[in-house]
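Okay, structure first, notes after.
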């Protein structure tokens, strides 16, 4: 590549991390930060042990438990589920044996790996970041190249601090204009997935750009990048800017003083050059976005909350018709039914998509002075112990508890059916998480993905509502 | 890793798009600390009733598909999470090749690392292979990785493309960590330079 050719943000981070370019185009790509948790790492450590290999750079990895832990006080005793206990104990034994930094459950910095990375300043602009978890794309909000890997690749990173990778293609999704009141980053990303589909980004790294993305705070950018994987993309990213630099400043693992200035000077060179070529471009007008909710069992099956359940009979394509029929049946829906007529049983505010302080504030703003409907179980699960502490300092826990929400300990919780927080068969949820797959939140559970404000409003009303009709109560 | 050269076997038809990793192996089965033993949980929610009995309509509960070594499906196979438990479960059941119009990136990657071959073929061809698969035991499909062809039961050969590096690793059953370790001097050099320029990336202590 000539030095003068305009490059994208992705190209620049990629180029800065190529250790060696192999003749067939594969790169030995250096990985700056590796995050790991209890679920996708045990077999990787076992592989190292069997091959007699050690961890090349223990200081470049950090471990935390998040997926299968309970989010109530019971977790501080003995973990009840024997398999979960084994996984947590295995991680603890592995980090000890291999000398890897570890944040234990009892540490207030513990939390969902994709929340604590940015929060602690472990995830920085310009970095390559990986984790055995598809939602690693979240860290792309920092202006980093961050992507999920499988367990074999976890082992590869532990052993070599690199990955063998072919460069992804460049895609830009531009969201122009201003986001209307009542809409959030979650609505932006759901609208994007609705437009391009769950394979729309396959083989690509998406750079999110445009006025509406620039206007988002870091938490909002993380929400958008988090769900890049639901658009099929390898990673999502947002070019670092003053919002990013201000966010990073002073975080525990971020560079300080003169090092910070040097870092910022480099980070400022990262945004895509004028004239850089994208293999694929999509644009969206933010002003047209309406609060979104998924109705089916794939994140692309999303509609404005003002919409109605699709009727399979109206669909010409046979395969799609069968698919829609299957989703309507699984989700227990009636074709033509208004989405706002759907009753909810469970509301979940949390997950690596929406469990940051900004998300908790959005839920609390709706909850303030109101009550959760009597038939609804509503959980608010902060993404980390530090988020929990910050929310409590603002009194958000009291607002939520008074309204009838449960206020839980940090973890992945009801996002993925791996810990005690699960839907029961047939239960319908309004969830701020990222996947509405069949059985994702528990066998037979029915998931509708929404923003934190939409979820909180559904908890109060007992059914889905258009949050624009449900604004915070003043002066209560 | 077991090498993959040629495979002739029964193909199970799964005419679904967006077969996600939660379908392939639901989250509750990710609590294992081993790579093996997941075959019994493969497609658990589609395969078993709540009481654990088999759902007779599900393809892998039918003969001859209990012996399937190939799976034919539609678009975006393996979308969703990065769980390598998905190819582990397929492999443990006995499926060593998935044929579909396209695959989600991480699943695609993970499959190669475990000797499960993902073969991308256009939708129309997948539809033909789906019909072949529906014919059952007398309709075996062959995947010849050496020659890069899928051979239909009627003898018709369908060429497919595959990344040459990955093909090489699969044909020889090679572990790519060993390959990468040959680049250790270059990795040392990279780290020395990066450490000088960005010392804050090194020696993080919790």
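Note that Cβ sites are derived from N, Cα and C of the backbone, with glycine treated the same way.
In TrEMBL, annotation is done automatically, which means it is predicted and not curated.
The feature [4Fe-4S] cluster binding site is assigned by TrEMBL to A:352, A:412, A:415. On its own chain, residue A:415 ([4Fe-4S] cluster binding site) has A:348, A:350, A:351, A:352, A:353, A:431, A:433, A:434, A:435, A:440, A:441 as residues at least 6 apart in sequence with a Cβ closer than 8 Å to its own Cβ. Under DSSP, residue A:415 ([4Fe-4S] cluster binding site) is assigned to a helix (H, G or I) in the three-state scheme.
Under the heading region 'Disordered', TrEMBL lists A:423-442. Through the fold, the region 'Disordered' (A:423-442) approaches residues 135, 186, 226-227, 229-230, 293-294, 296-299, 301, 330-332, 342-355, 359, 414-417, 448-452, 454-455, 458-459, 464 of its own chain, all at least 6 residues removed from its boundaries and within a Cβ separation under 8 Å.
Listed in sequence order, the residues A:66, A:67, A:112, A:114, A:135, A:350, A:351, A:353, A:355, A:411, A:413, A:416, A:433, A:434 complete the 8 Å Cβ shell around the [4Fe-4S] cluster site centroid, once A:352, A:412, A:415 themselves are left out. According to DSSP, the secondary structure content of the region 'Disordered' (A:423-442) in residues is 0 helix, 4 strand, 16 coil. By a simple count of nearby Cβ atoms, those within 10 Å, the most crowded of the binding-site residues A:352, A:412 is A:412.
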